[in-house]
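K.L.:
According to TrEMBL, the protein carries these features:
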type	residues	note
BINDING	His30	Ni(2+) binding site
BINDING	Cys101, Cys104, Cys117, Cys120	Zn(2+) binding site
Amino acid sequence: MSHLMTVIKVPRCVFTEDMPAIKNKITTMHELTLCQSAFDIIEQQAQANNVKRVTGVWLEIGALSCIEESAVHFCFEIVCRGSVAEGCELHITTQPAQAWCWDCSQAITVSAHDAGCPHCQSHNLRVDSGDSMQIKQIEIE
């Protein structure tokens, strides 16, 4: 088995509490688009390396990426149908976000959108990482 690597960076998204129905519909579309982008990269790598079958894909999802893990599993299976990646195992890990607190000048770890700085409770934060999805590994035959 061989392994290939690449990265998909996705923008952060913001939803308000008064939009739950819209949020659910957009979230599923968001994951479908992300899975299609991931599949396109996997397929390109498979073709470039004369791969017969992709047996596993490892994704890392940032805690602030607005990506629903269950929706990714569902959408990934759909976009892989009829391809070299059909039936491959999808492994997903969540990576905490890293941020900078402008008020107390501390580098912090953030695990949720509504989390404040653990040192000063400020929400005046700059997100440095943890708002994307990355393909960490592709297992091939």
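Glycine too: its Cβ is placed from the backbone N, Cα and C atoms.
Whatever TrEMBL says is automated annotation, not expert-curated.
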K.L.:
What Cα-Cα separation, expressed in whole Å, is found between Cys104 (Zn(2+) binding site) and His30 (Ni(2+) binding site)?
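P.N.:
That separation, Cα to Cα, works out to 34 Å.
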K.L.:
If one looks at the chain holding Cys120 (Zn(2+) binding site), which residues at least 6 apart in sequence have a CB under 8 angstroms from its CB?
P.N.:
Cys101, Asp103, Cys104, Gln106
K.L.:
Ten-angstrom check, please: count other Cβ atoms within 10 Å of the Cβ of His30 (Ni(2+) binding site), all chains counted.
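P.N.:
Around the Cβ of His30 (Ni(2+) binding site), 21 other Cβ atoms lie within 10 Å.
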K.L.:
Where's the emptiest Cβ shell within 10 Å among the binding-site residues Cys101, Cys104, Cys117?
P.N.:
Cys104
K.L.:
Would you mind reading off the Cα separation of Cys117 (Zn(2+) binding site) from the residue listed as 'Ni(2+) binding site', to the nearest angstrom?
P.N.:
28
K.L.:
Within the same chain, and leaving aside Cys101, Cys104, Cys117, Cys120, name every residue whose CB is within 8 angstroms of the centroid of the CB atoms belonging to the recorded Zn(2+) site, in sequence order.
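P.N.:
Sorted by sequence, the hits are Trp102, Asp103, Ser105, Gln106, Ile108, Gly116, Pro118, His119, Gln121, Ser122, Asn124.
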K.L.:
Does DSSP give Cys101 (Zn(2+) binding site) helix, strand or coil?
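P.N.:
Cys101 (Zn(2+) binding site) sits in a strand per DSSP.
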